[in-house]
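TrEMBL annotations:
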- H85: Zn(2+) binding site (BINDING)
- 44-187: domain 'SIS' (DOMAIN)
- 212-270: domain 'CBS' (DOMAIN)
- 284-335: domain 'CBS' (DOMAIN)
- K62: site 'Catalytically relevant' (SITE)
- E114: site 'Catalytically relevant' (SITE)
- E155: site 'Catalytically relevant' (SITE)
- H196: site 'Catalytically relevant' (SITE)
Amino acid sequence: MTDSPLPKPALAAALHAIEITRTGIAALEEAALHGPLGEAIDKAIGIVAEGKGRLIVTGIGKSGHIARKLAATFSSTGTAAYYVHPTEAGHGDLGMVDGSDVILALSWSGETTELAVVLAFAKRFDVPVIALTAGAESTLAAAADVALILPRVREACPHNLAPTTSTVLQLAIGDAIAMGVMVRRGFSETDFHIFHPGGKLGSQLRRVSDIMHTERLPLIAADSRMTDAILAISSGGFGVVGVVDGDGHLIGIVTDGDLRRFVHSDLGPQLSASKLETPVAQVMTRKPITVAPQIFAAEALDLLQNRKISVLFVVENEKPIGILHTLDLLRIGVA
C-alpha cells in the first residue's frame with residue numbers, strides 16, 4: 001500500500017458512487033413525503049411501539065448485515081430486538097418467537113427463498129410482519145402486514161451489481177423507524193444513558209451529581225479575611241474557594257486568579273499584615289457561574305469551555321453541594 005494519489009478513474013468512480021447514493025436518498029425522501037411509503041412508515045412505527053414482545057429482525061446476505069445493525073439500533077433505543085438468521089430460523093431459532101413479537105424482514109428483491117420458513121411461521125402463529133423491500137409485487141410484500149416499499153435505484157457499483165445504494169436505503173428506513181419509535185414511546189436522554197452506561201455516550205449522559213466532589217468543599221464565611229481565602233485555596237486543591245452567607249447560600253468565589261491580582265495590586269507583591277486582613281467580600285467575584293446537580297456532564301463541560309473557566313460549584317437551592325473541575329469530566333471521557 002502506497003501514499004500515492006488515487007488514479008483519476010478510481011477517484012471519479014468513488015465520487016460518482018457518492019452522487020448515486022445521494023440520488024437514492026433523495027428518491028427515498030420523495031417516496032416518504034409524497035408517496036405511500038410515508039403512511040407505511042407510520043404504521044410500522046405503531047406496530048413496533050405498541051408491540052408487547054420483541055422485534056425480530058431477519059435477512060440474509062447484505063440485507064442480513066443491515067438487519068443486524070438495525071437490531072442493535074432498536075436495542076440501544078429501548079426496543080428489545082434480536083437478529084435471527086433465516087436459515088437458522090428453520091432449525092430451532094423460531095422457537096424464541098411468539099405471538100407478542102414483531103418480525104422485520106429485509107430483502108431487496110422480496111423473493112429471498114430463505115425467508116419462506118419465517119413467513120410461514122408468522123402466518124401460522126399470527127406474528128405481525130413488517131417487510132422492507134423494493135419488490136412491490138413480491139412474495140415478501142404480499143405476506144407482510146405492512147410493506148415498506150423502497151424506490152428501485154441504481155447501485156453505486158459501476159456494474160450496478162454490488163448492493164450499495166440499496167443497503168443504504170434499507171439502513172436509512174430502519175433507523176428512521178427506530179427514531180420514530182423512540183419518540184412514540186417517549187424514550188429520553190436518561191433512558192439512553194441506562195442503555196449506554198459505558199463508553200463516551202455513557203460518560204456524556206452522566207449527571208453532574210454522579211461526578212462532583214462533595215467532601216471537604218472549600219468554603220469560607222462572608223465575614224472572612226483574605227488570609228482565610230488564601231489558606232482555603234492552598235489546601236483545597238481546586239484553585240477556588242466559595243464564599244457563603246449566614247444561611248449557607250453561595251454569594252461569591254475567590255479564584256487563584258483573583259488571588260494573584262490581589263497580591264500584585266496597590267503596593268505591588270508585598271503582602272502586609274493589613275492587606276491580609278482585607279475582607280474577602282471586597283475581592284470575591286459575586287454571582288459566580290454555577291450548575292445544578294441534575295444536568296448532564298456534557299452540558300457542564302460545554303459551560304466550562306464556553307466561559308473559559310476550569311472549575312465551578314454545584315448548587316441546589318443556592319447552597320453549594322459539590323464542586324466540579326474540567327479534569328473530572330475529561331478523566332471519564334466526556335470530551
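Cβ atoms are placed via backbone N, Cα and C, with glycine included.
Cβ contacts within 10 Å of E155 (site 'Catalytically relevant'), excluding its own Cβ and spanning all protein chains shown: 20.
If you take the Cα of K62 (site 'Catalytically relevant') and the Cα of the residue listed as 'Zn(2+) binding site', they are about 12 angstrom apart, rounded to a whole number. Separating the Cα atoms of E155 (site 'Catalytically relevant') and E114 (site 'Catalytically relevant') is a whole-number distance of 23 Å. H85 (Zn(2+) binding site) falls outside any helix or strand according to DSSP and counts as coil. For the domain 'SIS' (44-187), the number of residues in each DSSP class (helix H, G, I; strand E, B; coil) is 68 helix, 22 strand, 54 coil. For K62 (site 'Catalytically relevant'), the count of additional Cβ atoms within 10 Å of its Cβ stands at 16 [all protein chains shown]. H85 (Zn(2+) binding site) sits 9 Å from E114 (site 'Catalytically relevant'), counting Cα to Cα. Residues in the domain 'CBS' (212-270) partition by DSSP class (helix H, G, I; strand E, B; coil) as 19 helix, 16 strand, 24 coil. For the domain 'CBS' (284-335), the number of residues in each DSSP class (helix H, G, I; strand E, B; coil) is 16 helix, 18 strand, 18 coil.
For E114 (site 'Catalytically relevant'), applying a Cβ distance below 8 Å and a minimum sequence separation of six or more within one chain yields I60, P86, T87. In the shown protein chains, 17 other C-beta atoms lie within 10 A of the C-beta of H85 (Zn(2+) binding site).
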